[in-house]
Amino acid sequence: MGRARRFQWPLLLLWAAAAGPGTGQEVQTENVTVAEGGVAEITCRLHQYDGSIVVIQNPARQTLFFNGTRALKDERFQLEEFSPRRVRIRLSDARLEDEGGYFCQLYTEDTHHQIATLTVLVAPENPVVEVREQAVEGGEVELSCLVPRSRPAAVLRWYRDRKELKGVSSGQENGKVWSVASTVRFRVDRKDDGGIVICEAQNQALPSGHSKQTQYVLDVQYSPTARIHASQAVVREGDTLVLTCAVTGNPRPNQIRWNRGNESLPERAEAVGETLTLPGLVSADNGTYTCEAANKHGHARALYVLVVYDPGAVVEAQTSVPYAIVGGILALLVFLIICVLVGMVWCSVRQKGSYLTHEASGLDEQGEAREAFLNGGDGHKRKEEFFI
């Protein structure tokens, strides 16, 4: 009897040790990642919950909810679910200062707690693109792209004409966020004026496949060009002619000058900006007219030779010159085609003649052989006598 009492307490302790872990309450959490300004859900999963006190605290150890009752007056935190299986809270408009570990505490005979780590990412805003100095044709342009806030550090890329450009990037950490910059250099010409260069920023805070872009329109300065267009190709006495000086340049020339060689313009002429109007033309108006334009990068000059014909004169318009060129090209093509056809016919005739010659030669040899076979060697002798 005494021996039985001796083993009673050890058996009870062994049963408690085996049964305790299997019947105890537990709490589990999961880490959460959210973009700045987004919505995060923090969940505490309960196992074998028996109605004990559940407390949720923020990273500063301030109590947010006590058994489903709000304890901190921050309306961004809302209790979404409180059940024997889980406690779920919702955080809207997430901020960097909300980042950290959120405590899920279960108060029983032994306090249990787990930490859910909230990570807040910062998506980049549209990059800021600037040019270091004014671009001029024949030189280089340097562009810079800046993203002042991002987390993690944004990756910057340059694109031009759907091709990626190689830039040089640098970053600086400011507290929890990064400031990232990138520069790119390339040569430019006047044809690049108005072209588009894109700076693109990406990081994990943006949805997959999304990016923030800024388009920069190139401003390339270059010297002017000038060309005169006439309102008609052939002018006669009494006609009105309008000459237009088509000017390009960056910056665009703001003044155009009209001249007529070493002579002054006719008194009837009206020069207004890019146009020169010559009404009531006479032969005395003949001459070389010029328009000139300039900017800080150079100047341009265009010429137009005016010939005024009599009213009854028969002349060919200047626009007929392109047709003459086209006609000459067509004539040359026809000549080449004829040459090719003649060559093909000549080769065909020559090949056929060679075939007939060989065929006739073969017939002679066969006839001679047949005659020799029939007459024995007489044929050979007769040939000798014939030749003698």
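Backbone N, Cα and C define each Cβ position, glycine as well.
According to Swiss-Prot, the protein has these features:
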- CYS44-CYS104: disulfide bond (DISULFID)
- CYS145-CYS199: disulfide bond (DISULFID)
- CYS245-CYS291: disulfide bond (DISULFID)
- 21-119: domain 'Ig-like V-type' (DOMAIN)
- 124-219: domain 'Ig-like C2-type 1' (DOMAIN)
- 224-307: domain 'Ig-like C2-type 2' (DOMAIN)
- ASN31: N-linked glycosylation site (CARBOHYD)
- ASN67: N-linked glycosylation site (CARBOHYD)
- ASN286: N-linked glycosylation site (CARBOHYD)
- SER361: phosphoserine (MOD_RES)
- 346-388: topological domain 'Cytoplasmic' (TOPO_DOM)
- 325-345: transmembrane segment (TRANSMEM)
## Note on the structure
Confidence over the domain 'Ig-like V-type' (21-119), expressed as mean pLDDT on the 0 to 100 scale, is 91
### Message
Using a 10 Å radius around its CB, how many other CB atoms surround ASN67 (N-linked glycosylation site)?
### Response
14
### Message
Nearest of the recorded positions to CYS44 (disulfide bond) by CA-CA distance, picking from ASN67, CYS245, ASN286, CYS291?
### Response
ASN67
### Query
For the domain 'Ig-like C2-type 2' (224-307), what does DSSP give as the number of helix, strand and coil residues?
3 helix, 50 strand, 31 coil
### Message
Is it possible to get the count of other C-beta atoms within 10 angstroms of the C-beta of CYS291 (disulfide bond)?
### Response
25
### Residues that sit under 8 angstroms from CYS245 (disulfide bond) by C-beta distance, when 6+ apart in the chain
ALA226, ARG227, ILE228, ILE256, TRP258, GLU274, THR275, LEU276, CYS291, ALA293, ALA302
### Query
Measuring Cα to Cα, how many angstrom lie between ASN67 (N-linked glycosylation site) and CYS104 (disulfide bond)?
11
### Query
How long is the line from the C-alpha of ASN286 (N-linked glycosylation site) to the C-alpha of CYS145 (disulfide bond), rounded to the nearest angstrom?
58
